[in-house]
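Below you will find the structure I want to go over with you.
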Amino acid sequence: MRLILLGAPGAGKGTQAKFICEKFGIPQISTGDMLRAAVKAGTPLGVEAKKVMDAGGLVSDDIIIGLVKDRLKEDDCKNGYLFDGFPRTIPQAEAMKEAGVAIDYVLEIDVPFDAIIERMSGRRVHVASGRTYHVKYNPPKTEGVDDETGEALIQRDDDKEETVKKRLDVYSQQTRPLVDYYSEWAAKGDASAKVAPPQYRKILGVGNVDEITARVFEALK
């Protein structure tokens, strides 16, 4: 089972990725984790990436693809892998295809933007304990304070409505086009590709976690 999980920020990809990896016994491949590991280990690609990052630049797709290919050679990937947060752009998807990285499924978790905004902007956190609440779905007993300590809850900057909207705008411009890219490749194929086209699946990411997980597993049958 080799797959890419697509969906907007706040669509619940992280939660479902965990369930998928547990069910199929595959690792979750995060480019951020790979970069940190390569830099720490001092591999040739890690050294190259560190130079770029130290200079405040963005690590090139060539370096990222090199890291991906190295990571997929490791033993834990022999039964498959799940890409988390990669590819983010069409050039990265093209580079993966060109490098012969095989994908069985591309799974999109589709959640309307207004539902994501409500889901994320309603979160409240007790900083000291990490306990989380939601003003609508999981409210504290007393508005604005932690159930156990009575201390104030905060809304993280990342969860503020204007921040969420900005992240969704970036997703719409950069990552949303991947939905069309992969669905078209799945439907029409690509004779020049080094790997077979993936199957494209889209599920609704609205409802409780168990309902969404059931849809995910049904889509991956």
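Cβ coordinates are placed from backbone N, Cα and C, and glycine is handled just like the others.
Because the structure is a prediction, the values reported are computed rather than measured.
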May I ask you to indicate which of 30-59, 180-209 is given in Swiss-Prot as region 'NMP'?
30-59
The region 'LID' (122-159): mean pLDDT?
96
